[in-house]
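Colleague: Take this structure, written in structure tokens, and hold onto it; I'll ask about it next.
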Amino acid sequence: MNHLRDSSADFDVIASIPAGPIPANIDKKWILITSSCALLTIFGFALISSGAVRYKSVQSSVITILLGSVLSILFFWFLGYGFAFGDDYGNKFVGLSKFAGSGYQIELVEDDYTNFIFQTVGVIIVASLYGLGTLERSRFFSIGLCLAFITSFLYPIALHWVQPKGWLGAFGFVDFAGSSYIHFFGGITALVISFFLKERGDQTGNMHPSTFPHHSPINIGYGSIILTIAIILFVNCANPQGQYDKYEQGLIAVNTVVASTFSAITSFCLQYQKTYQISLIALTQGSVTGIVAISSMANDVRISGSAFTGVLAGIIYVNLTIIIKRSRIDDPAQTIATHMGPGLLGTILVGFLSITKGLMTGHGAKQLGLQIVGILVLIIWGLLVAISIFSLKSVGLLKINPFQEQQGIDISYAEGEAIQFLDEQQEPTLFSISPKKGIFK
């Protein structure tokens, strides 16, 4: 049985749902609950980062994600939300109000308080993707400055553009839940910082692009599982009507799960075909790629289309992983293959698979052209992060020095490694490092 109802009115409802501040007369409880649960993305990214690096950088990698999340929320609250959802007074480029929590409204047409919680998840994802691109090589100071530029200026303005009142949204560009302006855009920032930071070095100072083994594949697996669940919640949260539109609510849930499933199976099988070994990372990261790809159209695609999207996302993930390893771009957490590539795929597929606007559903190629224009705009805008990165590099503040890299960031910056091999140290040394102190000293 076809899962679509025989009424074109459903598609009109889907197309008319606002992407801006959440209307107050719909399901705010649904938005708050799912948004709060979706904040588990922080935990997922922290686990992924801890597993992707060498053991001597585990603690600093988790700090990168957690500190980045905290700073991104602060920057987004202070400036970013205003640029994204403030009144643009008709310029369609950038909002000019609602900075630092001022002017928030609860009216029939919008609820800025509820919307802020929801949008915070997207900001955290973008910040975490950038942070994953810096692992084991960047100073915390430079990470903070670049995140200030990204989360208070670059990302919020791009977010404003894709809203109905923004120029890209008015132009006709479509992205339901962030394949382009969250995952693809965040992946671009990760690619740029990885390019500037170059490869990681070993204890002798030799450079080895993407050849270091992951410290803990099981941590990457756990983190990817949590991230899969959190992003599924986030995508479902993008439907603000919640229980008042049970048809779309159910369709989004099914599409995200189906895309994730097909992507996980595809990436797992392809990886086995290439290496003749089973891979936990390919299976779990593959599940994330499917959701990233389907996010752009989860509310406006047939279930068969979501399955097709998942298969393509799995293929993109496996092949991009190989390409990145051969390109001398050091991407420890596979951020480019997991988010940027599938995000690009999902954005383009809107032009093919969208029920209301897609080429393969009889609506011509116009939407495909609009999606391509949007992608090009986001690429150019995302590359502007290179301004802050190049500025920091020119004054020597971007990358840690070679000695610190060989020693490990945990020892240099984080008061020691997260994993201590106590049996390999002499007992007197241990006591001299950690002398007993009084409780108030």
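Keep in mind that glycine also has a Cβ here, set from the backbone N, Cα and C atoms.
In case it helps, TrEMBL gives these features for our protein:
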- 30-412: domain 'Ammonium transporter AmtB-like' (DOMAIN)
- 30-50: transmembrane segment (TRANSMEM)
- 62-84: transmembrane segment (TRANSMEM)
- 116-133: transmembrane segment (TRANSMEM)
- 140-161: transmembrane segment (TRANSMEM)
- 181-197: transmembrane segment (TRANSMEM)
- 218-238: transmembrane segment (TRANSMEM)
- 250-270: transmembrane segment (TRANSMEM)
- 277-297: transmembrane segment (TRANSMEM)
- 303-324: transmembrane segment (TRANSMEM)
- 336-356: transmembrane segment (TRANSMEM)
- 368-392: transmembrane segment (TRANSMEM)
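Locate each feature and note its surroundings.
Modeller: If one looks beyond the transmembrane segment (30-50) by at least 6 residues along the same chain, the residues whose Cβ comes under 8 Å of a Cβ in the stretch are 22, 58, 61-62, 64-66, 69, 114-115, 117-118, 120-121, 124-125, 128, 131-132, 135, 215-216, 219-220, 222-231, 233-234, 236-237, 240, 242-243, 333, 418.
Away from its own ends, the transmembrane segment (116-133) comes close to residues 22, 31-32, 35-36, 38-39, 41-42, 45, 48-49, 52, 64-65, 68-69, 71-73, 76-77, 80-81, 84-85, 104, 143, 146-147, 150-151, 155, 159, 178, 181-183, 185-187, 189-194, 197, 230-231, 234, 237-238, 331-333, 335, 339, 385 of its chain (Cβ-Cβ under 8 Å, at least six residues beyond either end).
Outside the transmembrane segment (140-161), and at least 6 residues removed from its termini, the chain residues within Cβ reach (under 8 Å) are 60, 63-64, 67-68, 71-72, 75-76, 78-85, 88, 92-95, 119, 122-123, 126-127, 130-131, 134, 167-169, 181, 185-186, 189, 193, 377-378, 381-382, 384-385, 387-389, 392, 397-399, 413.
Sequence-remote contacts of a segment are chain residues at least 6 beyond its ends whose Cβ falls under 8 Å from one of its Cβ atoms, and for the transmembrane segment (181-197) they are 122, 125-130, 132-134, 137-138, 146, 150, 154-155, 158-159, 161-162, 175, 292, 295, 329-331, 335-336, 339-344, 347, 375, 378-379, 381-383, 385-386, 389-390, 393, 398-399.
Outside the transmembrane segment (277-297), and at least 6 residues removed from its termini, the chain residues within Cβ reach (under 8 Å) are 174-180, 182-183, 214, 217-218, 220-221, 224-225, 227-228, 231-232, 235, 255-256, 259-268, 270-271, 305-306, 309-310, 312-314, 316-318, 334, 337-339, 341-343, 345-347, 349-350, 353-354.
Sequence-distant contacts of the transmembrane segment (303-324) (same chain, at least 6 residues past either end, Cβ-Cβ under 8 Å): 3, 210, 254-256, 258-268, 270-271, 274, 282, 285-286, 289-290, 292-294, 297, 331, 334, 336-338, 341-342, 345-346, 349, 353.
Here the transmembrane segment (336-356) has long-range neighbours at 4, 11, 14-15, 129, 174-175, 178-180, 182-188, 190-191, 194, 263, 285, 288-290, 292-297, 300-302, 305, 308-309, 312-313, 316-318, 320-321, 324, 329, 363, 365, 367-372, 374-375, meaning same-chain residues at least 6 beyond its ends whose C-beta is under 8 angstroms from one of its own.
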Colleague: Considering every residue in the domain 'Ammonium transporter AmtB-like' (30-412), what is the mean pLDDT value?
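Modeller: Within the domain 'Ammonium transporter AmtB-like' (30-412), the model's average pLDDT equals 93.
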